[in-house]
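See below for the structure under consideration.
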Amino acid sequence: MGDTTRNRTFPHGNDNDDATAPPSPSPPEMVYYEGCPGCAMERKKENNTGTPYKEFFYVGVTTLASALPISSLFPFLYFMIQDMHVAKNEQDIGVYAGLLGASYMIGRCFASLFWGVVADRIGRKPIIALSMFSVVIFNTLFGLSVKYWMAIATRMLLGSMNGMLAPIKAYSVEVCRPEHHALGLSVVSTGWGIGLVVGPAIGGYLAQPAKQYPNLFSENSIFGRFPYLLPCLFISLIAFAVLISCIWLPETLHMHKNLEREVEMVGDSRAAPHREVPHSEKSLYKNWPLMSSIIAYCVFTLHDTAYSEIFSLWAVSEKKYGGLSFSSKDVGQVLAVSGAGLLLYQIFVYRHVHKYLGSIISSRIAAALSIPLLATYPFMTHLSGTKLGLAIYFAAVIKGAFATTILTGTCILQNSAVSQNQRGAANGISTTAMSLFKAIAPAGAGVLFSWAQKRQHAAFFPGDQMIFLILNLVEVIGLVLTFKPFLAVPKQYDFK
């Protein structure tokens, strides 16, 4: 067998026993290949039934570092476009800001599938490390941008070179036993969600430091000449620390040749080195369990992204337009509390929800409950003071928990619908489609919000009610997609 290590198990008993009764069949044995990192990980999981907190910590901080650059520019984006003097008048700033904000997702949309396929060939760890390196380089260059074309180019390169999301999802389920898959993917969602909340805070507090903190930074310093470098540099330093920590990141991809032939030579009493249910190696695009879960995932992503955009616009708009008249600080506090609640939910609650309900049932229940919850938002404008605070904080936290339940559940379906050697590519397809929907959602939500404000006094579903009605219609479409025949589930899996 050359590069394999194995232990044979022989039936016990004496010669008389063997003569009078057939020997008991040997229990199946695992075949591990020396030097294969995937086999080493499988052996580790076989010997350790506990939760791999160390690996989950790496997954969480790596996802966090990858998510920080995405939203960190939004607090200072308007001022950055203004300083570049690219817009002919103030009304055009929003157009240029929208293009710059979407450039990251456009770059990621075109490259995610490629990085997922590469991760299936050379491993998860190299792509994760390369992604962190790209954040260090291109995010810093973005902070040094003084021309609009340079800002667009660096953001698009950052999106296209940061191919971490596909392999990190695959990695999060490969470092743990099946009973911990839900927790592993929820760690990815947690890191991502925290990054999208903390990123704007970093951008808001550290941008234009010479104006915000004149006692610490002078106009003649490097941070005075490049007013948006400090937040980008701070995030790049976090990414650099994570890049160094990748040295201790274990690989999970199986790397040995002729596996099926060599396992067959061992005998029928042996099993493949990993315990995944085998999948046919047909085209991923013909794998309907995978593609149907991706479609549902994209619809829910569209809803969640549009909700995030609309919530911020609705909360700061005046009450005469159906809003809450919040300040940007008030909105930030709501998002911070929502992020903290989301973190607690994913760490302490979600694993139990998934354990008892499974991926599909939990997603359906969360989607169904989101509909009446969103329907209450327009009526919060009639509240004030403590009642309004309690209502909006509670609703934001619960809505975040529902969204996490849905998106994590559909991610589990995607990763379970393929074998390991196709998991990176499958997540690449998912990330590509999701990036496209994430690029469409903010623009569509902005247009919807502007249109709704103009019909605030309509008799049939006035502006603010119309906004949340359309959001609920998208949620209903997603809910329908979780039922047969729209959602297909492989027969060999029990998703409840």
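Yeah, the Cβs are placed from backbone N, Cα and C, and that goes for glycine too.
Annotated features in TrEMBL:
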| type | residues | note |
| --- | --- | --- |
| DOMAIN | 55-490 | domain 'Major facilitator superfamily (MFS) profile' |
| REGION | 1-29 | region 'Disordered' |
| TRANSMEM | 56-81 | transmembrane segment |
| TRANSMEM | 93-115 | transmembrane segment |
| TRANSMEM | 127-146 | transmembrane segment |
| TRANSMEM | 152-171 | transmembrane segment |
| TRANSMEM | 183-206 | transmembrane segment |
| TRANSMEM | 226-249 | transmembrane segment |
| TRANSMEM | 294-314 | transmembrane segment |
| TRANSMEM | 334-353 | transmembrane segment |
| TRANSMEM | 365-384 | transmembrane segment |
| TRANSMEM | 390-413 | transmembrane segment |
| TRANSMEM | 434-453 | transmembrane segment |
| TRANSMEM | 465-487 | transmembrane segment |
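Looking at which of 56-81, 226-249, 390-413 has the most CB pairs under 8 Å to the transmembrane segment (152-171), the answer is the stretch 56-81. For the transmembrane segment (127-146), the residues of the chain that approach it from at least six positions outside its boundaries are 62, 65-66, 69, 73, 84, 115, 118-119, 154-155, 157-158, 161-164, 167-168, 171, 226, 228-233, 235-236, 239-240, 242-243, 246, 249, 424, judged by C-beta separation under 8 angstroms. Only pairs six or more apart in sequence are counted, and the transmembrane segment (294-314) with the transmembrane segment (390-413) gives three or more Cβ pairs under 8 Å, enough to call it a contact. Among the listed stretches 93-115, 334-353, 365-384, the one sharing the most Cβ pairs under 8 Å with the transmembrane segment (465-487) is 365-384. If you look at the transmembrane segment (434-453), the same-chain residues 6 or more away from its ends with a CB under 8 A from one of its CBs are 98, 101-102, 105-106, 108-109, 112, 159, 297-299, 301-302, 305-306, 309-310, 313-314, 317, 321-322, 463-464, 466-467, 470. At the 8 Å Cβ cutoff, the transmembrane segment (56-81) and the transmembrane segment (183-206) share at least 3 close pairs (sequence separation 6 or more) and count as touching.
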